[in-house]
Structure formats: structure tokens, C-alpha cells
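Taken from TrEMBL, the feature active site, proton acceptor applies to Asp77, His145. If you look up TrEMBL, you'll see Asn143, Glu150 marked as active site, for ring-opening step. Sequence annotations record features per position, and here TrEMBL assigns domain 'Glucosamine/galactosamine-6-phosphate isomerase' to 36-236.
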Amino acid sequence: MVYTNKQCQFIKETIMKVIKVANQLEGAKLGLEILTEKIAAGAKTFGLATGSTPVEFYNQIINSDLDFTDKTSINLDEYVGLDGSDEQSYRYFMSQHLFNEKPFKENFLPNGKAKDLDAEVKAYDDIIATHPIDLQILGIGQNGHIGFNEPGTPFDVTTHVVDLTESTIKANSRYFENEDEVPRQAVSMGIASILKSKTLILMAWGEAKAEAIKGMIEGEVTESLPASVLQQHDDVIVIIDEAAASLLN
Ligand SMILES: N[C@@H]1[C@@H](O)[C@H](O)[C@@H](COP(=O)(O)O)O[C@@H]1O
């Protein structure tokens, strides 16, 4: 794979490729290059993430001439109790930041309003099984969570209902009027499902992510830092800015 982006600096190649970029915009452009390459190679199904991290990447996609009308997206997670029309739901977020501008053949997200959450979890596993993910986009929580797989989540779980930790509720409250408004549960793709993706790109910007990034890359593989499991996947590309990389040796 050839990266033409001049701003990036290749800082580590073990199994994980770690690429430091000048800033979020450069990282998003690099993400678009990789995505374009994967589509040219036949990728059809994309695992997508919410949060502030991929927003510029989605802008880049919107401004590109890539066509997704024959492509499928499968999102990582959704808050329990929020309808897709709720402005805080991840379904709404994805519509606003990508899907309204770039129509896909189909967009899957868990249904946070499902009456029977056990059935919803099973149905989402079936969707993932029948639509193998070619490229998964990930952000990372300050405590090292991916999707909504909080510290302590076993690595072998598939889609599940999660009790959000205090730290995640606090971190994500910036999107809500106050902390009390943040749902306490979410439906999340599990770590086992995430690891089945052919290629993964994890992006992180800013100092708040530096500790999690250090643990993920240089620490031991441990369920206390869910993203560390990515060390065991053979095709992970980590794109980070200076601040997120600042604690790396
Ligand atoms: N479930 C999402 C994660 O997928 C995301 O990676 C994380 C970080 O969010 P941000 O990108 O806003 O820092 O937030 C949420 O918890």
C-alpha cells in the first residue's frame, strides 16, 4: 500500500501500523485514501463509528466522488432508549454527518428502542455475519473502549447490551444538555465481531486520548484496555495526531 500523504510519519511497524499525522484534517485525508484504495479493491461493507473523531473523515467522504449506492454500512453501536429521530441517537448522528449526503444501499445500526433487546442483539449478530466487514472505522474512548466495549468486556463477546461506565457517561455528556440525559446503556457490536473485520482504521486526536493510545500500542493486551486487543489483529492502521501520540516511546 502506498500512502501519498506527505504529512504523515511512519512511526512503528509491528503488526499495527501507526501513522502520526500533522492534524485531524491530514488524518481524515489519509483515511479517505485508504478507503478509496479498499473500494477499488472491491470493499463493499464498511463498519462505521460515531463520536467527534470521524467527523472530518466523513466530510472528506462527502466531498469525494466516491459512490456508496451499492455499499453497506454497519455501525458499531446505539444508545438504548433513543429513537433514530432523537437528535442524540447515533442513527441521527450518522444521517447528519454522512448518510443524508452520501446515500448507501443500506445502513445498519442497532435499534435502541427495540422492545426485546435480546432479540435485537441476536438480529444484529446475524446482520454482521451475513455482511462481513471489509473496513472498520474506530475511534477510542478515553478509557480505551472501542464501540461501547468498556474495560472488563471479555474479548469473545459479540453484540451485547452494555452498562456504560461513569467515565464514558461523563465524557459523552458533552453531546447532551447534562449528564443525567446520557443513556446508561447501549447496544454495541462486541470485540469478537470487531476483530472479524478484514481491515481496521483507528483514529484518535488530542491529548485526552494519549494515555489510551499508549496503552493500546505499547501496553499489554488486556481486557482492562479493550483497544489493546487490536495488537492481535493483523491489519490495523492507527492514525493519530501529535497530541494523541505524545506519550508514545
Ligand atoms: N461509542 C462511541 C465510540 O465509538 C467513540 O469512539 C467514543 C469516542 O468519542 P469521540 O470520538 O467523540 O472522542 O465515543 C463513544 O463512546
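In case you wondered, yes, glycine gets a Cβ from its N, Cα and C as well.
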Neighbourhood of His145 (active site, proton acceptor), C-beta criterion under 8 angstroms, separation at least six: Pro151, Thr165, Thr168, Pro226, Ala227
Residues among the active-site residues Asp77, Asn143, Glu150 that border ligand 1 - Cβ under 6 angstroms, in sequence order: Asp77
Around the Cβ of Glu150 (active site, for ring-opening step), the count of other Cβ atoms that are within 10 Å: 22
For Asp77 (active site, proton acceptor), the three-state class that DSSP assigns: strand
Around the Cβ of Asp77 (active site, proton acceptor), the count of other Cβ atoms that are within 10 Å: 24
For Asn143 (active site, for ring-opening step), the three-state class that DSSP assigns: coil
Asn143 (active site, for ring-opening step) versus Glu150 (active site, for ring-opening step) - Cα distance in angstrom: 8
Count of other CB atoms lying within 10 Å of the CB belonging to Asn143 (active site, for ring-opening step): 19
Mapped DSSP class for Glu150 (active site, for ring-opening step), helix or strand or coil: coil
Whole-number Å value for how far Asn143 (active site, for ring-opening step) lies from Asp77 (active site, proton acceptor) (Cα to Cα): 17
